[in-house]
Amino acid sequence: RRFPLVFPGDPFDKPPCRGCSSYLTEPYVKCAECGPPPFLLCLQCFTRGFEYKKHQSDHTYEIMTSDFPVLDPNWTAQEEMSLLEAVMDCGFGNWQDVANQMCTKSKEECEKHYMKHFINNPLFASTLLNLKQAEEAQHHETAIPFHSADDPPRPTFDSLLSRDMAGYMPARADFEFDNYAEWDLRDIDFVEDDSDILHALKIAVVDIYHSRLKERQRRKKIIRDHGLINLRKFQILERRYPKEVQELYETMRRFARILGPVEHDKFIESHALEFELRREIKRLQEYRAAGITNFCSARTYEHLKKSRDEERLKRTMLSEVLQYIQDSSACQQWLSRQADMHLQSAPVLQLFLSPSTGRRSAPPLNLTGLPGTEKLNEKEKELCQMVRLVPGAYLEYKAALVNECNKQGGLRLAQARALIKIDVNKTRKIYDFLIREGYITKA
């Protein structure tokens, strides 16, 4: 028993043959008694009398084909769909490429047919016009006003700034968050003969994918809401706080995902205000302990305190000079340290350099009395002396490199140079020392 020729909804979107799993080419056979989903067979499996589960070879069937005219007697439905697909692939106006992809019509025939039936067709034109007018009427009162915004930063790919910005891609306005979440779904296909366990497993994989999508959107929303896209601008705003508040800002940044952007800023501002109040209270307590009862006396006290500190510094410098006066090498080291701390001491240093020997290498830095020295071990002290780096700066550079290494799982020399921004030779020595001592690992 045969039925008349029918035209399916979309011949390009159909499952494979249930008999041999091959791609169905027209004409093919559809069982009229089985389904949904439709039970489709190629002509070879149909002629062999293929049977599967409820499908029997004596069922009624339909022959599926697109070999009949629709808009033009000389064009079949299959050619109409091939033309639309070719225009979508090659672009409107590239008629030679469209004709080459179709293989059955010339360039002039493709252009003439498309312009006549799909562009200049009054039925299509009126329909599109009505749709456009309806869309304009719908959005006329709810149009979103345009506001100019800062041009987003465009860091180079795989740079340190790009990684700090969570892989932000300005051209796509997107982030590199969990880019491979879709890979788990590429081989999943829900078919009718799946077992219950296999079907439940596929549903679980889809649920996991949805949870990853939600996490991706949550992270994007946090970065956009808190203004973390332009990281450099964010860091400039952060530096307006005192150093102690900056450390608090860095520590409390992880809690920004819990609070909203306004609430988080209020939280930081309140701690900054608390720090200022504590510092003022401490200053007032110092005035009270000194017997000061008015601000006029406080200004005099501050002036005298500054003078006393300067005199104490001069006495300390004099005692150091007397301590090293018998040792020319130690005296030269002391003068070098003072030259680094006070630029006006440089002419004095030149008096101790022999003009006959010309330029000589700088002596090791004397760490006596420098803040942060007590936090260094012997090897770190030796490094700071040879590199001529004050302990406080070394500790900051070390913390920055170790933190970046923990984030990236390794650190390259170029990344270290971009991070601490000092003399490249000093950076190389610090980098090699930290790797040698096991503080960081090479990427």
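Just so you know, the numbers here start at 1 and follow the chain as drawn.
The backbone N, Cα and C atoms fix where each Cβ goes, glycine too.
Going by TrEMBL, these are the annotated features:
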{"type": "DOMAIN", "residues": "12-69", "note": "domain 'ZZ-type'"}
{"type": "DOMAIN", "residues": "70-122", "note": "domain 'SANT'"}
{"type": "DOMAIN", "residues": "74-118", "note": "domain 'Myb-like'"}
{"type": "DOMAIN", "residues": "356-443", "note": "domain 'SWIRM'"}
Tally of DSSP helical, extended and coil residues in the domain 'ZZ-type' (12-69): 5 helix, 13 strand, 40 coil
For the domain 'SWIRM' (356-443), residues assigned helix / strand / coil by DSSP: 52 helix, 2 strand, 34 coil
Predicted model, mean pLDDT over the domain 'SWIRM' (356-443): 82
DSSP residue counts for the domain 'SANT' (70-122), split into helix, strand and coil: 36 helix, 1 strand, 16 coil
